[in-house]
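First comes the structure, then the notes that go with it.
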Amino acid sequence: MAAAAPGPVELGFAEEAPAWRLRSEQFPSKVGGRPAWLGLAELPGPGALACARCGRPLAFLLQVYAPLPGRDDAFHRSLFLFCCREPLCCAGLRVFRNQLPRNNAFYSYEPPSETEALGTECVCLQLKSGAHLCRVCGCLAPMTCSRCKQAHYCSKEHQTLDWRLGHKQACTQSDKIDHMVPDHNFLFPEFEIVTETEDEILPEVVEMEDYSEVTGSMGGIPEEELDSMAKHESKEDHIFQKFKSKIALEPEQILRYGRGIKPIWISGENIPQEKDIPDCPCGAKRIFEFQVMPQLLNHLKADRLGRSIDWGVLAVFTCAESCSLGSGYTEEFVWKQDVTDTP
């Protein structure tokens, strides 16, 4: 996804794709599965990827590949969003930014091949940097199974989960450990995020369409009564209707990307003010970069005992200067707006 000055919005859609297209060397934008880390060193540690409320490891939700044209230090640039899988803790959200120059220690200077490479069918549990990844979630794994010394984990919780789901039997079979990674029912379903530019619709056209829809359904009501009804329309109704009108042409969109534009909100409640968005540690302001839409929830299959993680809008704000970080990851800011009981 190309990041530029405020302009047309890019819409993201979830589509199935072969696993090799979602690996790090392909610089993907994707939902679910394990993170396709960009920088392969100095990954966020377990402390940075733990829910602030319940302490459980966060699950990888999605990543967006968003290089900055004209910036040599951000020729490659990705944003990684994580969330807590526990429905009552869905506030546990963290987002990280990583960027690399074209000439770097991890990837070829030339664009990646468009064909599948050999050996890409196995789960990657160790990066080129030597860093080990958790067998359950694909995040940095400083813990090691004390018995086989070959299985690595981000936390005691994930080690226990893997032990219960098969590592207990595989632990003594050293030649099979890397090839026997069970389904831990922790990762979200994996999809590629494909993008297209949003069709430009003039605000006047949208307003006229909304007006026509309303007047068409209320054709017999006197003008004075319509004026009275309009005065009673709440700000909440107006914002929600604007949200619906904005997504009506592409109702399957799961993501809206536009660095420096304004997000669209689903509710008049809990809209952040400038003071609510913390500055980057470098001193620069943070600006809006993308938002995750509630339509993504349909793809996640996150229901558990009748409960599910939920949101209205997840809005991600990043450093306006996209400050240089070497090969490390820096945390950015995400704002969660819930769905209210809007008619």
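Yeah, the Cβs are placed from backbone N, Cα and C, and that goes for glycine too.
Per Swiss-Prot, these features apply:
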type	residues	note
BINDING	Cys134, Cys137, Cys154, His158	Zn(2+) 1 binding site
BINDING	Cys145, Cys148, His167, Cys171	Zn(2+) 2 binding site
ZN_FING	134-171	zinc finger
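Structure with Swiss-Prot features highlighted.
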residue: Cys134; record: Zn(2+) 1 binding site; DSSP class: coil
residue: Cys145; record: Zn(2+) 2 binding site; DSSP class: coil
residue: Cys154; record: Zn(2+) 1 binding site; DSSP class: coil
residue: His167; record: Zn(2+) 2 binding site; DSSP class: helix
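A gap of 15 Å separates the Cα atoms of Cys148 (Zn(2+) 2 binding site) and Cys134 (Zn(2+) 1 binding site). Separation of the C-alpha atoms of Cys154 (Zn(2+) 1 binding site) and Cys171 (Zn(2+) 2 binding site): 18 Å, rounded to the nearest whole number. Mean pLDDT across the zinc finger (134-171) comes to 92 in this model. Counting in whole angstrom, Cys145 (Zn(2+) 2 binding site) lies 16 from Cys137 (Zn(2+) 1 binding site) by their C-alpha atoms. All protein chains considered, the CB of His167 (Zn(2+) 2 binding site) has 23 other CB atoms within 10 Å. Across the structure, Cys137 (Zn(2+) 1 binding site) and His167 (Zn(2+) 2 binding site) place their CA atoms 15 angstrom apart. His158 (Zn(2+) 1 binding site) and His167 (Zn(2+) 2 binding site) have their C-alpha atoms 11 Å apart, to the nearest angstrom.
Residues Cys134, Cys137, Cys154, His158 make up the record's Zn(2+) 1 site, and a Cβ search at 8 Å around their centroid adds Pro46, Pro57, Leu133, Arg135, Val136, Gly138, Cys139, Ala141, Tyr153, Ser155 from the same chain. Across the fold, the C-alpha of His167 (Zn(2+) 2 binding site) and the C-alpha of Cys134 (Zn(2+) 1 binding site) stand 13 Å from each other. Using a 10 Å Cβ-Cβ cutoff, Cys154 (Zn(2+) 1 binding site) registers 25 neighbours. Close to Cys134 (Zn(2+) 1 binding site) in the fold, though at least 6 residues off in sequence, lie Pro57, Leu140, Ala141, His152, Tyr153, Cys154, Ser155, His158, each with a CB less than 8 Å from its CB.
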